[in-house]
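Single-structure report; data block below.
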Amino acid sequence: MMAAEAGGEEGGPVTAGAAGGGAAAASGAYPAVCRVKIPAALPVAAAAPFPGLAEAGVAATLGGGAALGSGFLGAGSVAGTPGGVGLSAGGAAAGVAGVAAAAAGAGGEMAFAKGTTSLPTETFGAGGGFPPLPPPPPQLPTLGAGLGTVDEGDSLDGPEYEEEEVAIPLTAPPTNQWYHGKLDRTIAEERLRQAGKSGSYLIRESDRRPGSFVLSFLSQTNVVNHFRIIAMCGDYYIGGRRFSSLSDLIGYYSHVSCLLKGEKLLYPVAPPEPVEDRRRVRAILPYTKVPDTDEISFLKGDMFIVHNELEDGWMWVTNLRTDEQGLIVEDLVEEVGREEDPHEGKIWFHGKISKQEAYNLLMTVGQACSFLVRPSDNTPGDYSLYFRTSENIQRFKICPTPNNQFMMGGRYYNSIGDIIDHYRKEQIVEGYYLKEPVPMQDQEQVLNDAVDGKEIYNTIRRKTKDAFYKNIVKKGYLLKKGKGKRWKNLYFILEGSDAQLIYFESEKRATKPKGLIDLSVCSVYVVHDSLFGRPNCFQIVVQHFSEEHYIFYFAGETPEQAEDWMKGLQAFCNLRKSSPGTSNKRLRQVSSLILHIEEAHKLPVKHFTNPYCNIYLNSVQVAKTHAREGQNPVWSEEFVFDDLPPDINRFEITLSNKTKKSKDPDILFMRCQLSRLQKGHATDEWFLLSSHIPLKGIEPGSLRVRARYSMEKIMPEEEYSEFKELILQKELHVVYALSHVCGQDRTLLASILLKIFLHEKLESLLLCTLNDREISMEDEATTLFRATTLASTLMEQSMKATATQFVHHALKDSILRIMESKQSCELSPSKLEKNEDVNTNLAHLLNILSELVEKIFMASEILPPTLRYIYGCLQKSVQHKWPTNTTMRTRVVSGFVFLRLICPAILNPRMFNIISDSPSPIAARTLTLVAKSVQNLANLVEFGAKEPYMEGVNPFIKSNKHRMIMFLDELGNVPELPDTTEHSRTDLCRDLAALHEICVAHSDELRTLSNERGAQQHVLKKLLAITELLQQKQNQYTKTNDVR
């Protein structure tokens, strides 16, 4: 309260805590009423005038007492003033040693003997009283600590963070204590070293990148570290974390998270003098925004702070009158000079009116509790706050201080805005609070009225907002993982000049980002399909700060899209860049790792019932296995990690126990340095496990892992010409030999061969020849293609690579309907809920099957013609081998199309990118029943005694058998190999280098084989000779050039 009176008996008690009891008392910090005996000899400066409390002709008494924030009374210290109570009034002061008093409420009063002036006391608010001590750091969990854990249902929220700005209440010193404006690195380092304390910091505008900022920090090792801060459309990004202000960024790294390991921001370093370098502009014409854009409407005379100068004359600004942010165009504004008051544009500031005009405004436009601020007439540089009560108008002086604060009534604030905010909550005069400011009137605006508005508006209409980001290397939509299991489709721009990945809600609103990632401090890692149960995922890991890993997850619609984005991002990631002079343009080097998690032995019974493994590269999780039962689980799962970032030096595997919790803790772990593995050779080893938790004498067990680490040195394509020619020979002697010696590397071999033959448009030769060989070697029609061979693996990979559009067209609508439905299709008596109607469930299942099968039958033309030609070749081959088996031509195609493509997509639609989220238990069960029914239809088999509850589907199978036969026959009805214009997107040099690496790894087996095989002997010996020659050339490249 700014005006109050109280009387007290000389030497009597002081009472603190009148109106309202006070916030501090309510919190239990100290009693609402505190009594302290004041000596009678206390000198009082009440008779002295208080300049700054009331200006001529206006009565106002201001209070400057203090509330004790620590919750106790200490002799000799009040509100942080050692030695007694300090009261300041225009140079007059009174202090008493060893006396303490506390006021407990907004209405509290302190009474002094022999005085008529009352000094009301108030609890500290934001900026009130003497500068308060900073609050203790919030007790928050450390972000991004160590190895993350996940549950089987893709809850990876631990190491991940969202694009939303940090929403934790943050406190920071005032801007003028740490912001230095435009400053070069050398001077920044000098100022920090002069401060002499580790933990000292400042923020400066970058001298190298105008418009961006740098946080300079003196570490415990006496090294000055510089952290880039990107300013974009009013937000501030460091690494990838977004803040709405630089003050919030300072508060976060002061109280919540470390900037370097174990080091937070501690001591702000102030500039030699205050810095006000923000560009300000004023509207010379009014403007109304275009709907559904990021533009803002404004009035003539509105003042703006410019945050970003975008392309084609657009600017991102804050309107000081409305606090609204958005786009304006420079044609509608004029520059505001440095000489103009920095408060110009605030809705409450009136810099061009006289004292009398201020009175008139408040009396005519304002109401009781209205206010405005204008420059002081008596003291240049000071300000006066004019406040209207129901009876009169009062004025209060606001004085800037040498330490860049503002004083009003003996209290210090970081800004005039803080003063206004304070007295919106606290009484400024007894019974009154600040409410609505009186805005500037039209007659106050000093503008050039001779502006040709018509021409300017016409110019604006011709401007485009499509080119805000000029150096766009890549753009398009990607899925980004949000909290929990949500994936959202967002619009991304890869900006090349500043190495930034910027993303937006949509392409239409691609102005203010939803988020921004500074790629210069990032690395890109692959994400295996197993981690989220969906393909085409990758992650960007921020690795520049103390938080070990800061992760963003993304997914492409297709493997090609994900690969394109990863390659584009890697080119701008700091960790992927070669040092000058270390790279050889003629020789590339790519590392890959294949892990087979085989089994575990003697896991602790107490801790494991359903164990699964989490796989990390360094400390970044990239994959996980399924959960298995027991203490000796067998997984036999393969994980391929291609094109590893160059900083990867180890893999880690942790073991967790699957529970119903959202996250399962890591219990056991093993680590293996890649340098231990012989390059190009498979290692099969039992690793002893270590424990994250005390096992109390129990042995942790062991884990069997097969690992193959390869480092491909890729030479120019012409070096592989003879090698390629030998592989592509139509007899496929090299392919047959490699399939014989590469049993454990079958999947890798198939992937490499398919890419090479696709590039040469010879995939049909490869697949048809291998399929024919498989058919010729099989005696029993019923077991054809049941085993996993190179031929079946190649067919499966080929379908997944080329038939995605067919799968989506045939299945997506029905699967989405299943996902949305709450109706069960359960038919099994053991799984039916109580009172559940099986007939209703069956009708729902048959309805789904009818819709789904109809879509599949109608989608035959969408299958790639080359794949259909291969199906036709299969049909001809089996007809020739088993001429009397009339169903074989149908079943050989269904075995691939349904068993290896359509039914797996129905069972796990996330793996085929049909859905983003995991299906509910009802939906998952429905998908299983649908897949079983479709597979039986494709096999032309009805349900029988094994699953009698499914017999209700048999009429559907019978009625659709003939259509299924016609559909499968039609798929193979492409008698001639079609011409294709599609160009393969493979990296031929790398694929040839990878195949050469396999030949080197299996050279001993190939040499043995070359001595046994008659017809292949010549070809295999030539292969061995070429393999050796390529190895010698590779060594020559390595010796003559340093390869990173």
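Residue numbering: from 1, along the chain as shown.
Keep in mind that glycine also has a Cβ here, set from the backbone N, Cα and C atoms.
What Swiss-Prot lists as N-acetylmethionine is MET1, and the listing cites similarity to another entry. According to Swiss-Prot, the region 'Hydrophobic' annotation covers 1-160. According to Swiss-Prot, the feature domain 'SH2 1' maps to 178-269. Swiss-Prot lists 276-338 with the feature domain 'SH3', giving sequence analysis as the kind of evidence. Look at Swiss-Prot and you will find 348-438 tagged as domain 'SH2 2'. Annotated domain 'PH' per Swiss-Prot: 471-574, in sequence order, evidence recorded as sequence analysis. Feature annotation from Swiss-Prot assigns domain 'C2' to 574-687; the stated evidence is sequence analysis. Here Swiss-Prot flags TYR612 as phosphotyrosine. According to Swiss-Prot, the domain 'Ras-GAP' annotation covers 761-971. If you look up Swiss-Prot, you'll see ARG786 marked as site 'Arginine finger', on the strength of sequence analysis. The phosphoserine annotation in Swiss-Prot covers SER828, and the record cites similarity to another entry as its basis.
Remark: the domain 'SH3' (276-338) makes no contact with the domain 'Ras-GAP' (761-971), by the rule of 3 or more CB pairs under 8 A. Per-class residue totals from DSSP over the domain 'SH2 2' (348-438), listed helix then strand then coil: 20 helix, 29 strand, 42 coil. In the predicted model, residues of the domain 'SH2 1' (178-269) average a pLDDT of 91. Here the domain 'SH3' (276-338) is broken down by DSSP into helix, strand and coil counts: 6 helix, 28 strand, 29 coil. In terms of DSSP helix, strand and coil, the domain 'SH2 1' (178-269) has 21 helix, 36 strand, 35 coil. Per-class residue totals from DSSP over the domain 'PH' (471-574), listed helix then strand then coil: 20 helix, 46 strand, 38 coil. Its Cβ taken as reference, the residue listed as 'phosphotyrosine' is surrounded by 24 other Cβ atoms within 10 Å in the chains shown. Taken residue by residue with DSSP, TYR612 (phosphotyrosine) is part of a strand.
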